[in-house]
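Working notes for the structure below.
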Amino acid sequence: MLPGRLCLVPLLLALGVGSGGGSGDGGDSRRRRLLVAKVNKHKPWIETSYHGVITENNDTVILDPPLVALDKDAPVPFAGEICAFKIHGQELPFEAVVLNKTSGEGRLRAKSPIDCELQKEYTFIIQAYDCGAGPREAAWKKSHKAVVHIQVKDVNEFAPTFKEPAYKAIVTEGKIYDSILQVEAIDEDCSPQYSQICNYEIVTTDVPFAIDRNGNIRNTEKLSYDKQHQYEILVTAYDCGQKPAAQDTLVQVDVKPVCKPGWQDWTKRIEYQPGSGSMPLFPSIHLETCDGAVSSLQVTAELQTNYIGKGCDRETYSEKSLQKLCGASSGIIDLLPSPSAATNWTAGLLVDSSEMIFKFDGRQGAKIPDGIVPKNLTDQFTITMWMKHGPSPGVRAEKETILCNSDKTEMNRHHYALYVHNCRLVFLLRKDFDQADTFRPAEFHWKLDQICDKEWHYYVINVEFPVVTLYMDGATYEPYLVTNDWPIHPSHIAMQLTVGACWQGGEVAKPRFAQFFHGSLASLTIRPGKMESQKVISCLQACKEGLDINSLESLGRGIKYHFNPSQSILVMEGDDIGNINRALQKVSYINSRQFPTAGVRRLRLSSKVQCFGEDVCISIPDVDAYIMVLQAIEPQITLQGTERFWRPAAQFESARGVTLFPDIKIVSTFAKTEASGDMRATGTAPKSAVLEEMLHNLDFCDILVLGGDLDPRQECLELNHSELHQRHLDATNSTAGYSIYGVGSMNRYEQVLHHLRYRNWHPTSLETRRFRIKCSELNGRYTSNEFNLEVSVLHEVRVSDKEHVNHLIVQPPFLQSVHHPETRSSIQRSSVVPSIATVVIIISVCMLVFVVAMGVYRVRIAHQHFIQETEAAKEAEMDWDDSALTITVNPMEKHEGPGNGEDETTEVEEEEEAEEGSSSSSSGSDDSEEEEEEGMGRVRHGQSGTSSQSPERSTWNTAGVINIWK
């Protein structure tokens, strides 16, 4: 009864039965959906995968297993029937049709003829759809997705064709050749059976030649030039379906009579002058083949520079400067820096100081202090290094750790590590459970011959988890093996980052190093949160010397050439000896460094000649030469500028501070030897050295504080970051000084130094501050002179009415030792500072009035004597009360000569004799006054003028202070 009832359901739905009144259309819809759900309960079912074969130019696809869909709703109409098969994919030349809805049988066929040469196989997705719950219902249910893979069966429709319409070879008489030349035919059919050439045949009869199934033609007897100069033979080819070539090819063999082959007209020693650009190495070279039967020539020019630095002449700037020069992103952490107080973990390692190369002999490692590298490297980071490594010692080699981050105590878990194992480079990265809780990639393996070739190579590991890419010498390498692992369980155990070995903190009686590295490392860095671009990677490892070809456009036709990434090896290949000769004459050496590493570069030229099928037909000796790179002219870097100046205390306290090097100049010169003009008269050429200015870059300038570090509570050195950024420089600041670094021109460094300022919030306790600048090029290879600067503070001196002020006019003894040439800055200072002579006269008048006001008879007599001698210089008399008197004195005016100073000293001595009687009551004040006078700092001599030439201005302030200015 149940099947019968189910069969009535679609009919009832079609007639609208059950849509009683009062419910409206909404009730009908709900009931209809309910009935549909009860009828069409199941989805169709098909196989999960199908394999098919279709013959080329046919439309029938033979599937295994056959295309049949089943539905558990059968035999219910519509719900248990199959209405369609749908193919998912774009522009697929197939369609699926339903042959029987009830049985679910279908057929897959091609829409149009299939061409095997266009595509050999197809893969797509197919699904089956039932007919829903009724004819009006669109809610068909679909099966799961099945994968269909179809292979196209080839038809032998193409005939073989030869790559060349004709071939030509030259042979020497009297020789039997295993192979004179090789002909080659191709077939455009897609299958191996019909696309491969199985046989070649010589069509021409009665010729002394034979051909094998690979197309190699040989002579069956010794050929004679006198008998026949040239042979012309026709050759055909057969594919593996025995279909012959559509057209035969012509082979022409020339017979040449029977010399010593080799390269001619080359020089063993080649001198290279730095800065001379691209210099040809073999301007006249040519190959003598002795008329050998040469079909092709391969020449390899190799520049051997493995013994120089890290494999070739590269820039020797510091790693930070190189990163900045190449445009690398900021945040690089140097794991093998130069040993210093701040980076002392490399102090115990073996190092080649000239190139900062660290050598590991399998017995030492270095612990990176905590805080140098962040604990979380994020999902993006970059590791870079130079590595030189040979075969691992021992039969079963252990892991050789380059970089390792492991548990410091208790356990022996490796969080991330980079190591070499059996000449394979392996990078380990274990995620924590708080970062991931699934089975994730953990070990990435690379197998490269260069890892153990004992040569320098540049490695960059770019991590964008879970993808890890290796760059070696600029080329990209994907890992050949990636293994997965579970994340590390969380713990509170601290981690230890090491270089050259891995720290084993657990599972041993005493924590120690293990898995030591054997080899050399340099420039090992890590950059958390960033990946390096291909452009920056190429820049960092680029060689500055190599082989070059002048005028590539002028190379002859048919010349193939190839450079290795460092341009130390050039391979040229061609079938024309003349073109090869001309191309080789254009090969040159270039060194783009302004100051290259002097010395020998060995050069080898090897040749491989093909003689119509033979591997090597004649033996050409190698060319062994060498390039002598001459010593570059060493620059003399000189820093020039004002070495000493004074500024008021208020300027030190201001927000801008004091500019330390407003006029500094950086000049680089070299000595050039020139012959004198009297060579004709004397017959000899006396040589004289002439200094010429040269332009080059600098990589750092250090400003050191002398006489003790800066006190950050009251003084500092300041430089706006914008001044550095717009000139592509960086800087570090500390209490010991300021360091500006980055590869830039001398003019850039000048401009930055012009803006360096010194501030002091409490200059009253400061007399002088001394600084020293030293600049460098090529990481200290060339250094400048040590430029010293002394900055002094001008102080205000405050005295009371009970103190003697006459000793203020005494010239300080250190003034005699200060001599400086006139500069613009000193002229500006002298224009706003009163002369010492004017100050002396005013102070004398003030003391005279002071003594008269005291009413001391003895002082009055002394002052009357003094007034008689200085009456001509007196300008005004002023009375003051017993309040304190502040006199601002600028001692920076220069004296005309020593005579003026002596006159002033005589006047002071006479004043002191006149007041000697009353000075006993203020002897204590004199001592304190002398201490204030010593704190005034060093001053410069100024030119003194007479009182009539230098009118003064005196003003009273509310505190009883007299400011005296010129």
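Cβ coordinates are placed from backbone N, Cα and C, and glycine is handled just like the others.
According to Swiss-Prot, the features are:
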- 1-20: signal peptide (SIGNAL)
- 21-835: topological domain 'Extracellular' (TOPO_DOM)
- Asn58: N-linked glycosylation site (CARBOHYD)
- Asn100: N-linked glycosylation site (CARBOHYD)
- 163-282: domain 'Cadherin 2' (DOMAIN)
- Asn344: N-linked glycosylation site (CARBOHYD)
- Asn376: N-linked glycosylation site (CARBOHYD)
- Asn720: N-linked glycosylation site (CARBOHYD)
- Asn733: N-linked glycosylation site (CARBOHYD)
- 836-856: transmembrane segment (TRANSMEM)
- 857-966: topological domain 'Cytoplasmic' (TOPO_DOM)
- 890-966: region 'Disordered' (REGION)
- 943-960: compositional bias 'Polar residues' (COMPBIAS)
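This view paints the features noted in Swiss-Prot onto the structure.
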{"residue": "Asn58", "record": "N-linked glycosylation site", "DSSP (3 states)": "coil"}
{"residue": "Asn100", "record": "N-linked glycosylation site", "DSSP (3 states)": "strand"}
{"residue": "Asn344", "record": "N-linked glycosylation site", "DSSP (3 states)": "helix"}
{"residue": "Asn376", "record": "N-linked glycosylation site", "DSSP (3 states)": "coil"}
{"residue": "Asn720", "record": "N-linked glycosylation site", "DSSP (3 states)": "coil"}
{"residue": "Asn733", "record": "N-linked glycosylation site", "DSSP (3 states)": "strand"}
Subject >> Cβ-Cβ neighbours of Asn58 (N-linked glycosylation site) (radius 10 Å) >> reply: 14
**OP:** Express the predicted model's confidence over the domain 'Cadherin 2' (163-282) as a mean pLDDT, rounded to an integer.
**Re:** 90
**OP:** Sort out for me which one of Asn100, Asn733 has the most neighbouring CB atoms within 10 A, since those are the glycosylation sites we care about.
**Re:** Asn733
Original post:
10 Å Cβ neighbour count around Asn344 (N-linked glycosylation site)?
Top reply: 12
Original post:
In sequence order, which same-chain residues at least six apart have a C-beta under 8 angstroms from Asn720 (N-linked glycosylation site)?
Top reply: His755
Original post:
When the Cα of Asn344 (N-linked glycosylation site) is compared with the Cα of each of the glycosylation sites Asn58, Asn100, Asn376, Asn733, which one is closest?
Top reply: Asn733
**OP:** Tell me the Cβ neighbour count for Asn376 (N-linked glycosylation site), meaning other Cβ atoms within 10 Å of its Cβ, over all protein chains shown.
**Re:** 11
Original post:
Going by C-alpha distance, which of the glycosylation sites Asn58, Asn376, Asn733 is nearest to Asn100 (N-linked glycosylation site)?
Top reply: Asn58
